[in-house]
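As recorded in Swiss-Prot, the features of this protein are as follows:
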- 204-211, 292-296, LYS359, 395-398: GTP binding site (BINDING)
- 467-490: coiled coil (COILED)
- 15-50: domain 'EF-hand 1' (DOMAIN)
- 204-211: region 'G1 motif' (REGION)
- 292-295: region 'G3 motif' (REGION)
- 358-361: region 'G4 motif' (REGION)
Amino acid sequence: METSSTISIGSCLKEHQKIYKEWFNIADSDGDGRVSGNDATKFFAMSKLSRQELKQVWAVADSKRQGFLGLSEFITAMKLVSLAQEGHEITSDLLKGSIDMKSVELPVLEGLENVVSKQKVSKTNVDVEDNVVTKPQVTAKTPWFKSKSIIKPQVNVVTIVDGLKRLYTEKLKPLEVTYRFNDFASPVLTSSDFDAKPMVMLLGQYSTGKTTFIKHLLGCDYPGAHIGPEPTTDRFVVAMSGPDERTIPGNTMAVQADMPFNGLTSFGGAFLSKFECSQMPHPVLDQITLVDTPGVLSGEKQRMQRSYDFTGVISWFASKCDMILLLFDPHKLDISDEFKRVITSLRGNEDKIRVVLNKADQVDTQQLMRVYGALMWSLGKVLNTPEVVRVYIGSFNDKPINEVAVGPIGKELFEKEQNDLLADLMDVPKKACDRKINEFVKRARSAKINAYIMSHLKKEMPAMMGKSKAQQRLMDNLEEEFGKVQREFHLPAGDFPSVEHFREVLGGYNIDKFEKLKPKMIQAVDDMLGYDIPDLLKKFRNPYDN
């Protein structure tokens, strides 16, 4: 599976590689390894293409909407410029078409020789200045106890993700910490949460083909994979890119600052012992991270034997993932109580869910129609949404499709469905930046509602006597209190947290210790949503947009 729509340096002719790197360094005026919009407009202007053509070149090259071009994206842009100069229409399908991108000639850039010669002259002057020996200045040493603390300058915002990090630290995080959002909803975000690659989680009952699906996607086994008819995957396995093939225990993963799994420590050692990371070098894993989960059990007794909060872990991963695949087997369409709880825990992430009816070639066409109808009926009782969920039908493994059972029409259907699902997965890295913005805005709104609820409960507490009775009354009538908050601040009912979950967490706190409403904090988040984020998106949009 190819997930990248850009062209790597290794896919160019050797004589072109050095030239592209030289051009990239010229275009990258500040030397930060990124060609920003302003840099690109100056450099691309030498191609003499129209503004509309260059707008399309940028849109295709910056497929992930990062707001800048790295070396791979820059090479893609240069090849697209060359094709546009030859008269080709620039579309995203051009990279997937019949054109051999490796043999595309260098684009014609008028005036580039002058720019190269000027840069060489300036570099020579800098080297001469560096070779001049200057006498080092002696500065008076200040005792450490008299030195003033130095305020570090703010890091320049060079990507949309950098901007979101700054907005979170300056405006959203203070509100979350003040009103204990990390305890009631989601842990505090770290830098690694923003920088993480997009994730795809696979859910399903045992032996529905989750691990086999990942193997089929990668085209090979991955470390720690176990496949069989019995419940084989007994742990959460995160398959991600790494320099070599190895598995990393969950406790180690949870404490690594550069990994987005610090929040899993709240589920305790019992869960972390059932969590591991599988690393291997692979082009697919360079773009996305895959999360394999234990098979959902059918019996209540087996569920009670789990030593950790299974649905809580699923809910945590669901909030972090970009796509959730629910896998079903034609012979196991019944949705158990635990599976129902798991699907319910995905509340708020319905837009990420895709349903896969796997192993569909094990039944004939007539049975498949009945199975499909039964599956939709079962899902309709669990997924409380009026929209029809997307269902992919196929047999996602390395074996050839059983044409005897499904016939030639079924074979063609399965191939089209598989291509559609792979295309959906290919879009995940492209939409990752948009998804981060979407999740950030969703989180900000949830944090605001959490602050309104906490401050309202604080306001309902008596000043002196009867505090314990008042707290119990508020907890018993929590749904009614939510309604008061909704009416007072004109909030949508669908954005409020689960009453049962909130009541459960609230039982461990003293409401009287909560903070009163701080309008300045709320206003800061409103300004962030109304002004800062739109300005950030405007700054890193296509530089050729009017």
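Just so you know, glycine gets a Cβ as well, placed from its N, Cα and C.
Mean per-residue pLDDT, taken over the region 'G4 motif' (358-361), amounts to 87. Sequence-distant contacts of PHE396 (GTP binding site), defined as residues of its own chain at least six apart whose C-beta falls under 8 angstroms from its C-beta, comprise GLY209, THR212, PHE213, HIS216, LEU217, VAL356, ASN358, GLN418, LEU421. Within the chain, the region 'G3 motif' (292-295) has long-range Cβ neighbours (under 8 A, six or more residues past its boundaries) at 201-208, 210-211, 214, 225, 231, 233-239, 274, 310, 314, 317. Under the DSSP three-state reduction, LYS210 (GTP binding site) is assigned to helix. Taking the Cβ of LYS210 (GTP binding site) as centre and 10 Å as the limit, one finds 29 other Cβ atoms among all the protein chains shown.
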